[in-house]
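A.B. asks: Quick one: this structure, given as structure tokens, is what I'll be asking you about.
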Amino acid sequence: MFINRWLFSTNHKDIGTLYLLFGAWAGMVGTALSLLIRAELGQPGTLLGDDQIYNVVVTAHAFVMIFFMVMPIMIGGFGNWLVPLMIGAPDMAFPRMNNMSFWLLPPSFLLLLASSMVEAGAGTGWTVYPPLAGNLAHAGASVDLTIFSLHLAGISSILGAINFITTIINMKPPAMSQYQTPLFVWSVLITAVLLLLALPVLAAGITMLLTDRNLNTTFFDPAGGGDPILYQHLFWFFGHPEVYILILPGFGMISHIVTYYSGKKEPFGYMGMVWAMMSIGFLGFIVWAHHMFTVGMDVDTRAYFTSATMIIAIPTGVKVFSWLATLHGGNIKWSPAMLWALGFIFLFTVGGLTGIVLANSSLDIVLHDTYYVVAHFHYVLSMGAVFAIMGGFVHWFPLFSGYTLNQTWAKIHFTIMFVGVNMTFFPQHFLGLSGMPRRYSDYPDAYTTWNTISSMGSLISLTAVMLMVFMVWEAFASKREVSTVELTSFNLEWLHGCPPPYHTFEEPVYVNLK
């Protein structure tokens, strides 16, 4: 029965499918918001109205893309679908909690959309800094609704994290050690630990902001002995691990894709890859104040956060060079998924290099809150996380659906998207170096050229999004069945065929390990 299957589901494959569909839908909303931003900035002068409505759009774009697109697709979609199949578990450890994790997201999304519909909306930026987010600068219910939205999304992610940690540690075959699980499983495990440690701090921060706004507390108000800088520390102690939460599952997917299409039986440097992800996860928690170089910290504090941030480049470099070593000498198959993976490696590295530039506290004083920062994090998100999602989608689409995509169109889609995102975000480095500030709806006309090119690039990306919707429709309409998939020890998720039966591994699986 439809309701029993999709509303009260306890099946990891169905819940994974729900996450993928929800994430795709939210991605459309986030894309629409981003196109509003680029339409406003395509020429000098005003299009939408004042800076408040513009900043409401910017804030909603960030929240939708992070909490309702990337996280549901990577952790909820790919994580739910693949982790049990990869470790030979019959399902997740807590199947009903898994269902609740998903169904907390639509109400959360509804609250976020409601926040923009009441009063003037939450034009705070996704950081929601007081005093701008206080009840003076943002009177009315908008910011409160945003905070409640974040509470629900946060609970959803915490429950999901508990579920994945329990599943991965406890539901492997007895003979399988943690160091025999695939890298995607490792990446989800580390991501879940990060979520579990980071989200409660965000919850504390936004709850204090909620009481400051409504119950007259003064956690972040100097008039009552509070400090707005405390909020920034709490937010970024969550916010920096969050950006690693967004990219780590992508690392796992890229490892699988590169290994598979290089014709290798395993990735290069498995243990090094695991160590690198663990290091990134640990270091991600001790670099948060590099987002706050302009708030007047001591010089020795700034020196620490600069050097600690640069240390993260080492395990990241281990991963990049291990992917290249996996490619080396392989029988490379130029499939669409491989193109996404290669694009990921190149563009993620570019984004990482601009991150190293921003890690220098003295340089960051000049570049903070300019478009250079926007360019940096969109290279690692829009061309890191999203390229990993796209690569994972075209690679595992046959597993999820039983049908194959049209390879030619998938390659054309990659090409259009590649051109589009680079045309959108590469010029933003120049804008930032020229001093164009973030979060303003208008600019001096000296910045016109690069902004116009950037906005044209966003329209190219839009055509890519529309082409992908068509490709998925075409695949389901044509019904090309999957013929064969080459099995190695590194892609056991394909063991049961495409798509796999509703219940897999119902009996304990026999594992013969070397």
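For all residues, glycine too, the Cβ spot is worked out from N, Cα and C.
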A.B. asks: For Ser362 and Pro508, give whether Swiss-Prot records them on the same side of the membrane.
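C.D. replies: Pro508 and Ser362, as annotated in Swiss-Prot, occupy opposite sides of the membrane (different topological domains).
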A.B. asks: Pick the one from Ser441, Ser454, Ser455 that Swiss-Prot also lists for the Na(+) site with Glu40, Gly45.
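C.D. replies: Same Na(+) site in Swiss-Prot: Ser441.
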A.B. asks: Since Swiss-Prot lists His290, His291 for Cu cation, which candidate among His240, His256, His328 does it give for that site as well?
C.D. replies: His240
A.B. asks: Starting from His291 (Cu cation binding site), work out which of the binding-site residues listed here (His61, Tyr244, His368, His378, Ser441) have their Cα within 10 Å, and give them in sequence order.
C.D. replies: His368
A.B. asks: Just jot down the residues in the same chain as His290 (Cu cation binding site), at least 6 apart in sequence, with C-beta under 8 A of its C-beta; none if empty.
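C.D. replies: Counting only residues 6 or more apart in sequence, the Cβ neighbours of His290 (Cu cation binding site) under 8 Å are His240, Phe305, Thr306, Thr309, Leu358, Ala359, Ser361, Asp364.
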A.B. asks: Going by DSSP, give the three-state secondary structure for Ser441 (Na(+) binding site).
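C.D. replies: Where Ser441 (Na(+) binding site) sits, the three-state DSSP reduction gives coil.
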A.B. asks: Given the Na(+) site residues Glu40, Gly45, Ser441, which other residues of that chain have a Cβ within 8 Å of the mean position of their Cβ atoms, reported in sequence order?
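C.D. replies: Same chain, not in Glu40, Gly45, Ser441, Cβ within 8 Å: Leu41, Gln43, Pro44, Thr46, Leu47, Leu48, Tyr54, Asp442.
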A.B. asks: When you tally the Cβ atoms that lie within 10 Å of each candidate's Cβ, which of the binding-site residues (Glu40, Asp369) has the highest tally?
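C.D. replies: Output for this query is Glu40.
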A.B. asks: Quick check: of the binding-site residues listed here (His61, Tyr244, Asp369), which one has the Cα closest to that of His376 (heme a3 binding site)?
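C.D. replies: Checking each of His61, Tyr244, Asp369 against His376 (heme a3 binding site), the shortest Cα distance is to Asp369.
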A.B. asks: Would you count the other CB atoms within 10 A of the CB of Ser441 (Na(+) binding site), including those on all shown protein chains?
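C.D. replies: Taking all protein chains shown, Ser441 (Na(+) binding site) has 20 Cβ neighbours within 10 Å.
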